[in-house]
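See below for the structure under consideration.
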Amino acid sequence: MSEWLFDLGNSRFKYAPLHGNRAGQVQAWAHGAEAMDAAALAALPSGRIAYVASVAAPALTQPMIACLQERFTQVRIVRTTAECAGVRIAYADPSRFGVDRFLALLGARGDAPVLVAGVGTALTIDVLGADGLHHGGRIAASPTTMREALHARAVQLPASGGDYVELAIDTDDALTSGCDGAAVALIERSLQHAQRSLGVPVRLLVHGGGAPPLLPLLPDASFRAALVLDGLATWATAAASP
């Protein structure tokens, strides 16, 4: 396979072959080149074109780009643009709109009207109308980041553990219930607003490594694990068009 898709997130590095206008089988690693041993680096694919999207810090992005440049004839870095593949970004300055959010919207274009919720280091929420117009969104801490922040300020509060219950009777469950519940409430409120604003039913798509624990609390949501990579595939297909 000569064309590959690479997504460097804040916490994970994922890649997949480009199959038509979709991502193929996804592989994921802990963060970036510094988190991958020599055997893992040697197993990275090679080919003609690597399409790369990164929201990671330059210290993590640059070594991975250098690694890919040794394996591919071309390495193409994706940037957010005002319009692509029928999606129009609402930001006055599209360069300030995260490329992961941009690609998630490209991946969700066929599901519009849709609310896209990404759960990783951050919780991102974006609304896309049936006409491809982005109606804005929100950014908050994800449940994992909430837990880590609480633990950093109050070490007696564990950074993980516990189950979701509506009214917890121990600290671990209370933390999970509070942080997961806060994320779910923000998603639900945003979905309600989107449906009132657009005047039509709006689908809910959820993606990201932190999404699975929230899915039982969002029964109407569809989980799309490879949404950003699918969006990257859409971008690559559009870029290849004359």
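A Cβ is built for glycine as well, from the same backbone N, Cα and C atoms used for every other residue.
Marked as ATP binding site by Swiss-Prot on the basis of sequence analysis: Asp7, Leu8, Gly9, Asn10, Ser11, Arg12, Phe13, Lys14, Thr121. The local packing around Ser11 (ATP binding site), expressed as other Cβ atoms within 10 Å of its Cβ over all shown chains, amounts to 17.
Here Swiss-Prot flags Tyr91, Gly98, Val99, Asp100, Arg101, Thr171 as substrate binding site, drawing on sequence analysis. A simple way to gauge crowding: the CB of Thr171 (substrate binding site) has 13 other CB atoms within 10 angstroms, across all the protein chains here.
DSSP assigns Asp100 (substrate binding site) to a helix in the three-state reduction. Under the heading active site, proton acceptor, Swiss-Prot lists Asp100.
Here the candidates are the binding-site residues Tyr91, Gly98, Val99, Asp100, and by Cα distance the one nearest Phe13 (ATP binding site) turns out to be Asp100. Listed binding-site residues: Phe13, Tyr91. The one with the lowest count of other Cβ atoms within 10 Å of its Cβ is Tyr91.
Within the group of binding-site residues (Gly9, Gly98), the Cβ with the highest number of other Cβ atoms inside 10 Å belongs to Gly9.
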